[in-house]
C-alpha cells in the first residue's frame, strides 16, 4: 500500500506543479488610472447622475428651435403629446371608464371628507378640480385622482390635535386648505428640484406595515358610524377606540347596526366577486353608489332619521368656491400645517407614484416620476385655492379605471364632469344618505390595503424588513399614524447606516481548475491559496467605516496566523484586497490604505489591491507621495492575475516564523 500512496502523492504534486505553471503563464494586464478630468467635469457628471439619471434633455439634442419649443411644451404639458392623436374610438373607452370611476368617486369623496373631519361637500369638490389639472399635467393614462383614505386620516388626526373640527369648524377648514397648499408645494418642489429619491426612504416593508395599520385604524374609526355612537374618542389608537366603543354600549343603535351590517356584507361580497372575476370589475365599482342610492331611499321612505339613524344632512349646491382667501400663512398654527402638509404630501405622493408605475408596467409604458411629482403638487396647490383638500392617485379608483379600459387621462375629465353635474343638480338627493353607509364604504375600501401575502413574502425573504414592517404596523395601531411611520422610517435608516458603518468583508478562495475566486463560506469547493490572504470588501470606504474595516481585516490576519501556528507553518506573504465593490472613497479611506500598508510592512506582509475603480485609484495615487500604490506588483485587475504573478516570489521570501 505504501508505494501506491507515495505514487499518488507524487501524482498530486505533479498536478499542482502543472497547475502552477499554467497560472504562472497567465497574462497580467496593467491597471491604468482613469482619464484626467477637471473638478468641474467631475462635479457636473456627479450632479447629472444624482438629479438627472433619466437625462430628460437628450430628446432636445440636434433638434431645430421650433421642434425644441414643441418638445418643451409637450414635456411640461403631456396632454399636448397625446392630444393631437386623440380619436373617437379612444373617447368611447374613456367615457365608459370615466363614468365607472365617477360612480365610485362620488360616495368615496363624501366618505373620505368625513374621515378627515371635513364637510362632506369638500370631498366632492376634491373630485372635481384636481382631476382636470392632472389630465393636463400628468403622464399616467390609468391614474384616477381624488381624495384617499390614508391622507384623509392623517390630515384629520394631526389637525385635530390642536383644533376641534366641531367647536371651530371654520378654522379647521382653513388649516386643511393651508395644509393642502404646503403638501402641494412640497410635492412640486421635489419634482422641480429632482429630489424624488427622498420618498425612496419609505421602503416597501414600511409601506406595507403602515398601510395595514392605517387600514385597521380607519376601520376602527368607522365603528362610530356603524354602531351609531355619538360620544366617540378623538384618539386614534387601538386601545382608546375599543375602550370608547365598549364604554358607550348604551348608545349603540340596533337600527344602525342592522343597516350597517347589511350594506357592509353587500359591499364585501361585491368586492369578492370582482376579485374572483376581473371582467366583473363593474360590480365592486358600482356597489358603493348603489348602496348610497338604496340606503337614501330606505331612510327617506321610512323616515329612519327619526329612529336613530344619522344622516349627512343638506349639502351646499354649486361648484367649488374660491378658497385662496382662507389660506393661513401666519399665526400659531403655521408649524402644524407645515408639518401636516409634509407628512400627507409624502404619503400621498408615494401612493400616487407607486400606483401610476404599477399600471404603467402592466401596459408597457413609462411614467416620469419627477413629472408626476410636479403634476400632483400643482394639482394640490390649485386645489387648495378651490376648496379642495389633499388628493392623489387612489389605488381602488385607478384599478377600476384600468379594468374599465381607460386609454388616456380623459377618463379623469369625464369623471370630473360627472362630479360637476352632481354638484350643480343632484346635491339635494344626498340629504338623507345615512352616515352608516359611508362608514361601510370606507371599511370596504381600506380592507384591501391589508396585504397579508406580501407580509408573508417579506418574512420569507428578509427578517429585518419584516421587523421594520411590524414596527410600522404596531406603531400606527398602538401609538399614532405619524409616529408609527416615523419609527419605521427610523429603523429603515438605521439599517442603511448599519450597512454603511459595518460593511461586509469575506475571505476568497480558488475554485479548483479555474482562475475564479469566490467566498470560502459560500462555495465549499473553493480552496485557500497558500501564502495569500484574499479578502473582498463589499462597500465604499469612508469616514464611517474605515476604522471598523482596519480592525476587521487585522482580525482576519490574526485568525489566519493563528491557524498557521497550529499547523506549525507560516507561509503568509501577501494580503490581497479585492475592491470591485468599493465604488467610492474619501480622505479617511485614503488614510486607511496608507496606515494599513504600513501595518502590513511591519508584519512583513505585502498589501496588494485588485481592481480598484476609477475614483479609488485616482485618489490613492494622488495621495501616494512614496509611490507605493503605483508599483506594478501592488495593483492587479483580477485576483487570478495577482496570484499568478506573485506566486513565484513566495519561495524566495524569508519565513516569518521565529
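Even glycines carry a Cβ here, placed using N, Cα and C.
Bear in mind that the values here come from a model prediction, so they are computed numbers and not experimental data.
Feature annotation from TrEMBL assigns transmembrane segment to 118-136, 171-193, 205-232, 252-269, 281-302, 373-396, 408-430, 436-459, 466-494. The annotation domain 'STAS' is assigned in TrEMBL to 522-646.
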Interface-richest range of 252-269, 373-396, 408-430, 436-459 toward the transmembrane segment (171-193), CB pairs under 8 Å: 373-396
Paired segments the transmembrane segment (466-494) and the transmembrane segment (373-396) in contact, 3+ CB pairs under 8 A: no
Contact check, the transmembrane segment (118-136) vs the transmembrane segment (281-302), 3+ Cβ pairs under 8 Å, seq sep 6+: no
Remote residues contacting the transmembrane segment (373-396) - C-beta distance under 8 A, at least 6 residues beyond either end: 104, 108, 113, 116, 118, 122, 125-130, 133-134, 137-140, 143-148, 151-152, 155, 176-181, 183-192, 196, 320-324, 327, 344-345, 348-349, 351-353, 355-356, 445, 448
When counting Cβ pairs under 8 Å to the transmembrane segment (205-232), the leader among 252-269, 281-302, 408-430, 436-459: 436-459
Recorded stretch that, among 252-269, 281-302, 436-459, has the most CB pairs under 8 Å to the transmembrane segment (408-430): 281-302
Average pLDDT across the domain 'STAS' (522-646), rounded to a whole number: 87
Residues of the domain 'STAS' (522-646) by DSSP state, where helix covers H, G and I: 59 helix, 21 strand, 45 coil
